[in-house]
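Heads up: the structure comes next, in structure tokens.
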Protein chains: 2
Amino acid sequence: MTTREDLAKWDAQDPLAPLRDLFDLPAGTIYLDGNSLGALPRATAARVQEVVTREWGAGLIGSWNSAGWIDLPHRVGDKIARLVGAGPGELVVADSTSVNVYKVLKAALAIAAADAPGRNVILSERTNFPTDLYVAQSVAREHGCELVLIEPDEDPADRLDDRVAVLMLTHVNYRTGRMWDMAGITAQAHERGIVTVWDLCHSAGAVPVDLTGAAADFAIGCGYKFLNGGPGSPAYVWVSPRHADRFAQPLSGWMGHAAPFAFTTDYEPAPGIARYVSGTPAVIGTAALECGVDTLLAAEPYGGMVALREKSLALTRLFADLVDERVSGFDIESPRDDEQRGSQVSLTRPEGAYAIVQALIARGVIGDFRAGQSGLPDILRFGVTPLYTRFVDVWDSVEHLRQVMESDEWRDERFSQRLAVT
Amino acid sequence: MTTREDLAKWDAQDPLAPLRDLFDLPAGTIYLDGNSLGALPRATAARVQEVVTREWGAGLIGSWNSAGWIDLPHRVGDKIARLVGAGPGELVVADSTSVNVYKVLKAALAIAAADAPGRNVILSERTNFPTDLYVAQSVAREHGCELVLIEPDEDPADRLDDRVAVLMLTHVNYRTGRMWDMAGITAQAHERGIVTVWDLCHSAGAVPVDLTGAAADFAIGCGYKFLNGGPGSPAYVWVSPRHADRFAQPLSGWMGHAAPFAFTTDYEPAPGIARYVSGTPAVIGTAALECGVDTLLAAEPYGGMVALREKSLALTRLFADLVDERVSGFDIESPRDDEQRGSQVSLTRPEGAYAIVQALIARGVIGDFRAGQSGLPDILRFGVTPLYTRFVDVWDSVEHLRQVMESDEWRDERFSQRLAVT
């Protein structure tokens, strides 16, 4: 049996351990919700202050040139590209995940209409993150398409027929942490003439992603989870260079124009990924996002995403094993197979998921609750972030869970009072 | 003839003068570009720091509830509403101006199709800000509509026929500062069954706006000009309560859902303006925007927008008069009629506009250059912000302009080198 002392040794020997110092983590808290909002990097506060006081306050409008604001979406985009197997100039920071889903779905339908005309199905999965489904419903309605949802236990390959124009999947599922085989599924889709859209919200910065190697078509993702960009951070969008110049996405704001400062009357899309920018870039938020992305790039001398992945799998494996050994009454919803598991462990129970999460939060162990979707059970989510999660944190979290259950503490009615945001 | 000493007396007697202390303005600079990027409010740096370190860093994910992040787009929206004659719960902070133009144009077309079917023209004006035109081109293409552009000297009323579904105008023109009669034009449009979209980018916080009084239909605007929200600040969107529940805008992200945290599979739009939110709100940027809006609300005890407008008109009138009196070779493009002039003065000249602006910037007088659009001339723009612009600033700016012209200093070739952002 593993002991806490064993895990303290693991931490002491962990070559990634120094990376924890890149973060400002509150004392007395074990933060297992970096899959919902990444923790604050130590560099961010000073950098944001610099943007506000020096660049905006002193530099004023001139900082669009002198502080490089105009290039910021591309500069930070190039950094994110390194985390997801994309090339420089292929990925840009812009807008929110929801808005970017809209852009790439419209573009993917246009590419599909050109290359494999007459198809009218967008295929996705029922437990995809709701915003992806909501936007897909809207796009399907606008284009006279049908949104078809497979069940989470179905193999998408079985549904890739010649009615399907676009397959949109989230690489790592937000509920269970289950990870799709991006390269294999993309290849199967392409064999059938289907364009792929990958949502990387729970995978970029959490698992190695290789968009180029997978020959993917479109990808989007958010900045505030594993990229540590801060609350409501701008999102990003990637388009394969095969497709980038073939379609002008419809949110054709001036910053995606070939020459924004020519102030011409007619829209002319910029070449490449720049056309996926719409309005004026969110400078402060993008600067904060850069600090977050830098925390992941700081792992490059330590082995980068491969080393982070190895630690992440060890942490989640440990979490699941300790729950098995030490706590009863929970099912582990996340795949036990390393190949299929992202950077989280999700538990289910017939009752009490919400209250148990709240009782843990009261003890300083911060995971989160996600309401059951489509008849599936409520879940307790525990995300690990190998940049700052320690092995003893996993031990202590499971120990708190054990105590919360054994003491029936979670049945205290204050833990059942629903907050606005869960 | 007015002298600088006279103007120093005007400043000394100006009841709004103390409001200048709400801003951190760099020494040695006369900032006349608040119509492009508002100056830094003194409160912003500390508030942003609080959001980053205390709310995000210490509060982590819990701040969605405890720091009220989830309500932020509505709380700040309600404050902006006070500046534009809208009611609480009618206006929300979200996305960029460009993205919001897309939402409201789609919604306006849907309302028009329901109330006055069979129309297929979106009417706008050729020198509208390009992003509005670019997005309108995209929406027109998607809907099989025609985008018809009147010339800047035409009266929109002459073109409001029964082919027109939607009239989209910018209340104050970004080039000339010319202001439309919102109430009059809206009434004329409504008589002909036409839905109106008003862009308030250059009017909110600069001139009194009364959306309710004008019975307007849709409005959008940006946060980083006269609202002083910072570079790339989130924008906002207002929909008349007559229309808000009649159409679900297509960027149907989860934060516009009636119950985002129910994680249901199907989109159900939230009631009212909340459905115009798409993705997760940009918390840091919205908090900065709130500080900017607060600088305008701080003028309420001094007479609010009415008093600010009076000072703004006095400043722009003075600017135009001093240019007339003291500098030769410029035409004043902005209306001399107070009723028709926003909060800026635009000058034109047959040559050298760009270099003259750069020469002024080198002297610490920051205006900006806008390239000629649609055969119209290049312009030199000088925006006044009555919260912080002083009468002596206007004198000194015109004096610098006089010296730049008399000395031929602007012909130095370094001032002709084009920067990426103009």
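Even glycines carry a Cβ here, placed using N, Cα and C.
In the three-state DSSP scheme, B:Phe129 (pyridoxal 5'-phosphate binding site) is classed as coil. In this view, B:Phe129 (pyridoxal 5'-phosphate binding site) is surrounded by 22 other Cβ atoms within 10 Å of its Cβ, with every protein chain counted. Among the features that TrEMBL reports, pyridoxal 5'-phosphate binding site is placed at B:Thr97, B:Ser98, B:Phe129, B:Pro130, B:Thr131, B:Asp132, B:Thr170, B:Asp199, B:His202, B:Tyr224, B:Trp254, B:Thr280.
Under the heading N6-(pyridoxal phosphate)lysine, TrEMBL lists B:Lys225. DSSP assigns B:Lys225 (N6-(pyridoxal phosphate)lysine) to coil in the three-state reduction, outside any helix or strand. When Cβ atoms from all protein chains are considered, those within 10 Å of B:Lys225 (N6-(pyridoxal phosphate)lysine) total 28, not counting its own.
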Check your understanding: Which binding-site residues from the set B:Thr97, B:Phe129, B:Thr131, B:Thr170, B:His202, B:Trp254 come within 10 angstroms of B:Lys225 (N6-(pyridoxal phosphate)lysine), judged by C-alpha positions?
Key -> B:His202
**Study point:** Intrachain C-beta neighbours of B:Thr97 (pyridoxal 5'-phosphate binding site), sequence separation six or more, cut-off 8 angstroms
**Key:** B:Thr131, B:Asp199, B:Cys201, B:Ile220, B:Gly221, B:Cys222, B:Ala235
**Study point:** For B:Trp254 (pyridoxal 5'-phosphate binding site): intrachain residues, at least 6 apart, with Cβ closer than 8 Å
**Key:** B:Pro260, B:Gly279, B:Thr280
Revision key, fill the gap. In chain order, residues whose C-beta lies under 8 angstroms from the C-beta of B:Thr170 (pyridoxal 5'-phosphate binding site), counting only those at least six residues away in the same chain, are B:Glu125, B:Asn128, B:Phe129, B:Asp132, B:Trp198, B:Asp199, B:Cys201, B:His202
Point to revise | recorded positions near chain A, Cβ-Cβ under 8 Å, from B:Thr170, B:His202, B:Lys225 | key: none
